[in-house]
Amino acid sequence: MKLRGVSLAAGWFLLALSLWGQPAEAAACYGCSPGSKCDCSGVKGEKGERGFPGLEGHPGLPGFPGPEGPPGPRGQKGDDGIRGPPGPKGIRGPPGLPGFPGTPGLPGMPGHDGAPGPQGIPGCNGTKGERGFPGSPGFPGLEGPPGPPGIPGMKGEPGSIIMSSLPGPKGNPGYPGPPGIQGPAGPTGLPGPIGPPGPPGLMGPPGPPGLPGPKGNMGLNFQGPKGEKGEQGLQGPPGPPGQISEQKRPIDVEFQKGDQGLPGDRGPPGPPGIRGPPGPPGGMKGEKGEQGEPGKRGKPGKDGENGQPGIPGLPGDPGYPGEPGRDGEKGQKGDIGSTGPPGLVIPRPGTGVTVGEKGNMGLPGLPGEKGERGFPGIQGPPGLPGPPGTAVMGPPGPPGFPGERGQKGDEGPPGISIPGFPGLDGQPGAPGLRGPPGPPGPHISPSDEICETGPPGPPGSPGDRGLQGEQGVKGDKGDTCFNCIGTGVSGPRGQPGLPGLPGPPGSLGFPGQKGEKGHAGLTGPKGLTGIPGAPGPPGFPGSKGEPGDVLTFPGMKGDKGELGYPGAPGLPGLPGTPGQDGLPGLPGPKGEPGGIAFKGERGPPGNPGLPGLPGNRGPMGPVGFGPPGPVGEKGIQGVAGNPGQPGIPGPKGDPGQTITQPGKPGLPGNPGRHGEVGLPGDPGLPGPPGLPGIPGNKGEPGIPGIGLPGPPGPKGFPGIQGPPGAPGTPGRIGLEGPSGPPGFPGPKGEPGLGLPGPPGPPGLPGFKGTLGPKGDRGFPGPPGLPGRTGLDGLPGPKGDVGPKGQPGPMGPPGLPGIGVQGPPGPPGIPGPVGEPGLHGIPGEKGDPGPPGFDVLGPPGERGSPGIPGAPGPMGPPGTPGLPGKAGASGFPGAKGEMGMMGPPGPPGPLGIPGRSGVPGLKGDNGLQGQPGPPGPEGEKGGKGEPGLPGPPGPVDPDLLGSKGEKGDPGLPGIPGVSGPKGYQGLPGDPGQPGLSGQPGLPGPSGPKGNPGLPGKPGLTGPPGLKGSIGDMGFPGPQGVKGSPGPPGVPGQPGSPGLPGQKGEKGDPGVSGIGLPGLPGPKGEAGLPGYPGNPGIKGSMGDTGLPGLPGTPGAKGQPGLPGFPGTPGLPGPKGINGPPGNPGLPGEPGPVGGGGRPGPPGPPGEKGNPGQDGIPGPAGQKGEPGQPGFGIPGPPGLPGLSGQKGDGGLPGIPGNPGLPGPKGEPGFQGFPGVQGPPGPPGSPGPALEGPKGNPGPQGPPGRPGPTGFQGLPGPEGPRGLPGNGGIKGERGNPGQPGQPGLPGLKGDQGPPGIQGNPGRPGLNGMKGDPGLPGVPGFPGMKGPSGVPGSAGPEGDPGLVGPPGPPGLPGPSGQSIIIKGDVGPPGIPGQPGLKGLPGLPGPQGLPGPIGPPGDPGRNGLPGFDGAGGRKGDPGLPGQPGTRGLDGPPGPDGMQGPPGPPGTSSIAHGFLITRHSQTTDAPQCPHGTVQIYEGFSLLYVQGNKRAHGQDLGTAGSCLRRFSTMPFMFCNINNVCNFASRNDYSYWLSTPEPMPMSMEPLKGQSIQPFISRCAVCEAPAVVIAVHSQTIQIPHCPHGWDSLWIGYSFMMHTSAGAEGSGQALASPGSCLEEFRSAPFIECHGRGTCNYYANSYSFWLATVDVSDMFSKPQSETLKAGDLRTRISRCQVCMKRT
């Protein structure tokens, strides 16, 4: 079977083979001849058809890389790529070039007056200057007021008992006194010894009594019985003046003083006294005003640095009570208390209690309660004066309580003096004041040794006050005392003498002049209480008394005490109630749009960026598709919703404190525990804005949502405020976050062109300068541009007296007028002296006017000083005057940057005159003025007694107010020091108050929200703590001038300061319009500069001192002023023609270049004065010009130093000379004569020479003329409180002051209980005049009373008829002894002007006058004959150093020197810097001197100064971020107080990631260390300029290798460099930032504007080809930096 299958298969095969092989055979056997049988077995067939492709094979192994192909052709420019995301912010570029100066800004409005600055540090005492020359004697000043009484002299030795009977020297006759009132008859004296009989005379009528003689000697010690009181005699006529007789004192005769006579009738009232002291303050003080409206929103303050939030401290324990404070100032007068109960009636012992007539006005009781305020009544006419009441002595009433001190009452009209009956006699009073010496008595012959005592004359008026005597010398010691029991035993009182006969009445004499107050007499025994007199006028306020006894009357309010000394610090207070919210800040600017953020890996914490400002919320968009996107930004605060329903009542709170009476808020209690969280109520009303939280940290980026972002929707409208969320639990205390880094400091900018700042506070008064020269009268110039606000000018001259004006009420300020101010008119005729006006009420403060045109009028001629008139009262404010003269130049200010001039502003109104300033120092004597018109003849009055207070001035009913209503809110106070920056809150509507929670700890800061809507201005918050001084801001606008403050207490004069050193000359300031300054000292001669144009001819100056005789030059006459021409366009400079009329200022042309000096032109005539041009901006300070050419003249003989003459007008620079070679110095010639002025030269270039050296101190000048009285200066700042002085003597009454402000209302005291009888109170207020009383019965004749004091001066009596002639008296012998010098007489009238005197003798030659104008160039003279040899001159100044001479010939060979020392003694110092924190080792062969820190360079005042790193100066032994300070010429140094820098080599220490500045100890790892080494030989650095290390020269050894460091710059593109031969140019390590910048505020950091410069590699083949630009990145930096090696010469 198997075999069958095989054969069958073979058969099938053969069949197929046969079928297939037929065509093959045919093909194989092709070519066989037909009929022949071909054998085709085994022949290869033809190529078959291509098969189907096979399956893909497996990839083969990678082949080897082929060779690099050639570079392909440059491809086409590709399409623009899609815009990439914004790159990071680039580093700050270098500062750009300074821009062109901007156009001048308009002048700003005047700024507010700044608050007085703090008191400066007292300067050092200056060195004592040399004694100056004595000045000329000044004119006598006005007579000053009498000085205070001197210190009592030392007690003299006891006087000797002189038993001599010789009379003293006779005094000069005094002035006759006025007639006195006849006194009562004196007691009859003892009969004298019988004199020799006189010649019989006829009996004459009794003569009038004589004037009182000098005090008689003591009477004999006999006492008689007291006689009855005599009737008052009629007034006797004045007696004729007698002559002083020589009186011999009886030996051992003692006189007893008699009883005092009866008091005289009360005289008529005296003349009104001087104006009394200022009355009490006006109306009652109103109640406290309501809270003022909140002020406008202020400008945003500067950002302060964020402080780290501190944890609130616990309240401290109460401290110990402080020391008692100083006495407080006297408080304001309290309200008058209620009336007390009547006092007890204490009957007088020994007398019955009979009710007498109504007594005088009792002491004022306690005031009643305050009534309602009535309307002010119309002032009634003064009532008629009532007659004096009867003086029946009633029993004294009970003493009342001491009343408060009453206010000063109005002075009543003088009463009609109806004399009453005489009262009862009082006890003898105290001895009166000692009267002046009387006139001389009649002569008595010397034979009459004892004179009878005549009847006493009437008391004389007080005499004139004598001059202040000098303190007497200590007297001689007295003889031994015979009666030494104390002060002597008084003898018994003598009997009163018999009453004398009444004299006939004399005629009334003329009234005498009022006498001066006499000296105080000795204190007598205290008399009994006299009859109560009529109420006297109120006295002057007394000085402050000693503290009185404490009266324990309840309810009495004491006066406010003096200001106490500051007490010790009190206990720390408990926390106060929270303050009110501050004002919201301004909204910040809009921030930059952010990029599309894709979620990245969380990176390292970045530097804290500045917080971005939130953008506005966009409008609502359509709903996007896809999953929700990230949380959107917070929208703008929506409109407040309607109030919700009241919430569910919360849990019951802790019981509140029961307050029975509304009091002040109590101390806050301890915080309660947290209650359970209640259910959230419905939303309440929006609450007040809370304090802002601390910004939270930025959250993690959220996971990005899946889905395509939708298109941004439109901005939605503000949503309605949602309900508040549930309250969270209190968070834990957060960790203290790191403080953010300060920003990079910007480069120091160019000086800004700022507007002038507001005027500073008034400077200290300067020293009195010398008088400047008198200027010419100029023509009025066009209005100049307004200059800077000047310092307060010196007081202007006193104006003429205006016409008598009626005092009108102050009108409202008028609107400012518009118009150019014309030149001042001629002075008006002086008007009559005005009547005293009322004190005007200060007007409302006017708005500040815009600045006016500063047109300067021509200066007037100096007037003659008039005779000083009596000071008039203060008149009403006059109309604004014309602008005064410009003030004298102030001291030079600090050097300021030049501001641009602004266009003139419109004129503003004049301000209100300020108060009187502190009197200035007495000026030097002025020159003799022209004689003024004769003034009215005034009589010199002696100093009068302080008069009684005058009647009150007329009161305007509009001004006299009763108690005012509650006042308006006060002006805002002085702004406090700006506090720390507050956060900006969102103002909301006020909500219902919540319960006070426990203060939470600061939570984590959230993301910054959008700016809220601006809230209402909050109430003014409490002043913050004083912040650190911020950067100087731009000058603010000048504020409104505040009301004048109260005058400060004058401080004690300070000790004189040391004179400062002379400062450098500043840049020229803007040419202001002012008086010429004081002439400066003569400087050293500078190089001859280019001459300027000739100036204006000056008017005739004051006569100078005689100069050396010269040939007078031709002086041109001043021409008449021409008419101004129209402004011309700037044309090319023509030939100098004759001077034309001054044209109006033309348009400014372009600045031309400096021309070459032209040849001197012919001398022209002096032109008319041109008009003042507008001052241009100051040019840049030029380089010093080339020395002018010209042959120097021979130096003159040195003159003696004369007195400084009056300053001449400024000289005009002369024409330029031709350039000539420098001549040899000639012999000293004599001074040349003054030549005529030269012609105007071409203008020189506007270059400014260099600063000259300070000249020597010039001799003092002559005293200038006395200036006029200046206007009062501004009120100075209030001085420091002085120490409490000792209690002074009672001063004279002051001038009436203006009505004071109403005081604060005091509390009403409760009525007091009835107290014990008090001591007598103060005098009560003057009562209304009573009705005339009925005359009483005549009283019984009482015992003899003591004589009353002299009544007031009576009215002048009529001149009586002359009496009959008296009989001739006995002829006496005149013994004339010269008396003492009498008091000075009344000054006589000024005499007539005397005739001119004869010419005086020839005066001494005057000092050399000022140099004259330069003369025109003369023709060259012929050679003169050789003069004789002069005397040897004074030694000249040392000459400048000469040029080096040629080398001299070779010297002879010297002897061999001594053996040399070891070469190591000649060490060379080098410095090696490690650039690490470890100090380096000194190289082999050198010795270390010291270690230190590597200082690279410093920068101060924008200028850098570098150190050579190879020298020891670059290795400071101590490190400081500010190792230097700066000093100025004023002996003041400042340290770490400016924007200065220091730069130090640094280490490879990496900066922290935050890049915040390094402070404190964290700076140390960044500062490189260094070592100073001593090498035995010279050390140099060699540089290869390749990357190979160079070899040391032959014979030199290597010390170290490094990189070639060349230069470095940083802030402000300042820096320094290294000498390439110095070892400092070869740093051992290369770093792109090899140094670090440190500042005076104690920080260091790396900054992007710091660059280091390294020597680069140079290929030999590229030495002279263009360098190819190349940028090297990190890693390749060292491939282009040259290498170097430091080598030391072998020794």
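Using the three backbone atoms N, Cα and C, a Cβ is placed for every residue, glycine included.
Among the residue ranges 27-41, 1482-1496, 1617-1631, 1677-1691, the one that Swiss-Prot annotates as region 'Nonhelical region (NC2)' is 27-41. Swiss-Prot names the disulfide partner of C1644 among C1592, C1638 as C1638. Between C1527 and the candidates C1515, C1533, Swiss-Prot annotates a single disulfide bond, the one to C1533. Counting only same-chain residues at least 6 apart in sequence, those with a Cβ under 8 Å from the Cβ of C1533 (disulfide bond) are M1525, F1526, C1527.
Long-range contacts of the compositional bias 'Pro residues' (62-73) within the same chain, counting only residues at least 6 positions beyond its ends with a Cβ under 8 Å from a Cβ of the stretch, are absent. The Cβ of C1684 (disulfide bond) lies under 8 Å from the Cβ of A1581, V1582, H1583, S1584, I1589, P1590, I1601, G1602, Y1603, S1604, S1625, C1626, L1655, each of these being in the same chain and 6 or more residues away along the sequence. Least crowded of the disulfide-bonded residues (C1638, C1644), judged by neighbouring Cβ atoms within 10 Å of its own Cβ: C1644. Local packing around the Cβ, expressed as the count of other Cβ atoms within 10 angstroms, is greatest for C1626 among the disulfide-bonded residues C1592, C1626, C1687. When each of the disulfide-bonded residues C1482, C1515, C1527, C1570, C1573 is scored by how many other Cβ atoms sit within 10 Å of its Cβ, C1527 comes out lowest. Per Cα geometry, C1515 is the residue among the disulfide-bonded residues C1482, C1515, C1573, C1592 nearest to C1644 (disulfide bond).
Separating the Cα atoms of C1592 (disulfide bond) and C1638 (disulfide bond) is a whole-number distance of 37 Å. On a Cα basis, C1482 (disulfide bond) lies 9 Å away from C1570 (disulfide bond). Secondary structure counts, DSSP: the compositional bias 'Pro residues' (62-73) has 0 helix, 0 strand, 12 coil.
Rounded to a whole number, the distance between the Cα atoms of C1515 (disulfide bond) and C1482 (disulfide bond) is 13 Å. Rounded to the nearest whole angstrom, the C-alpha distance between C1687 (disulfide bond) and C1573 (disulfide bond) is 14. Across the structure, C1573 (disulfide bond) and C1515 (disulfide bond) are spaced 11 Å apart at their Cα atoms. Between the CA atoms of C1638 (disulfide bond) and C1515 (disulfide bond) there is a gap of 16 Å, rounded to the nearest whole number. The DSSP secondary structure for C1573 (disulfide bond) is strand.
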